[in-house]
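A quick write-up on the structure given underneath.
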Amino acid sequence: MINKRSLLASFINLPYSLFITFKGMYITLRYMFKPKVTLNYPLEKNPLSTRFRGEHALRTYKNGEERCIACKLCEAICPAQAITIEAQERDTDNSRRTVRYDIDMTKCIYCGFCQEACPVDAIVEGPNFEYATETREELMYNKSKLLHNGQIWEEAIDLRIKKNSKFY
């Protein structure tokens, strides 16, 4: 037996139900013909800002000599205390250079203070954001890893520093 009240209620709600259904279809069709905003990530990438702060790198001069003068300003200014530097004097010209330069990337907050504090632009944050690792120990960067990053990203880092020189 059909309940008369439920049958009456369904007829009363029919125009509203049709309205809501067609409104949803209209919205769906409208968005169907708009340009897509999602990217097929591994194949397509968004352009990065020139001020993006990614993986750290130590830079060298054109002759291959490292820029870091072991002033330890980056170590002192790091709010996360992620940087550890040990310095030693050279015998040739009595200038200081780093013996050990470590960054614990698990502590780093990517604030960019180390880059701003460096008087010789030795430590920079490059454009690389894809550096996932399988172990935590791989995120403990030593001097050789940082110098290697500097060699890989030197052109991109130079371009970014030139574009952003008025902001530093």
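Here the Cβ of each residue, glycine as well, is placed from N, Cα and C on the backbone.
In the predicted model, the domain '4Fe-4S ferredoxin-type 1' (58-88) has a mean pLDDT of 95. Look at Swiss-Prot and you will find 58-88 tagged as domain '4Fe-4S ferredoxin-type 1'.
Taking a C-beta cut-off of under 8 Å and a sequence gap of six or more, CYS71 ([4Fe-4S] cluster 1 binding site) has these contacts in its own chain: ARG96, PRO119. Here Swiss-Prot flags CYS68, CYS71, CYS74, CYS118 as [4Fe-4S] cluster 1 binding site.
Long-range Cβ proximity for CYS111 ([4Fe-4S] cluster 2 binding site), meaning a same-chain Cβ under 8 A and a gap of 6 or more residues, is found for ARG53, PRO79, ALA80. DSSP gives CYS111 ([4Fe-4S] cluster 2 binding site) a coil state; it is part of no helix or strand. Annotated [4Fe-4S] cluster 2 binding site per Swiss-Prot: CYS78, CYS108, CYS111, CYS114, in sequence order.
Beyond the domain '4Fe-4S ferredoxin-type 2' (99-128), the same-chain residues lying 6 or more positions past its ends with a Cβ under 8 Å from any Cβ of the stretch are 48, 52-59, 66-69, 71, 73-74, 76-88, 136, 139-143, 146, 149-150, 152-153, 156-157, 160-161, 168. Among the features that Swiss-Prot reports, domain '4Fe-4S ferredoxin-type 2' is placed at 99-128.
CYS74 ([4Fe-4S] cluster 1 binding site) falls within a helix when secondary structure is assigned with DSSP.
Across the structure, CYS68 ([4Fe-4S] cluster 1 binding site) and CYS114 ([4Fe-4S] cluster 2 binding site) place their CA atoms 12 angstrom apart.
Ranking the binding-site residues CYS68, CYS74, CYS78, CYS108, CYS118 by the number of CB atoms within 10 A of their own CB puts CYS68 at the top. Residue environment of CYS114 ([4Fe-4S] cluster 2 binding site) contains 24 other Cβ atoms, counted within 10 Å of its Cβ in all protein chains. In this structure the C-alpha atoms belonging to CYS78 ([4Fe-4S] cluster 2 binding site) and CYS118 ([4Fe-4S] cluster 1 binding site) are separated by 11 Å.
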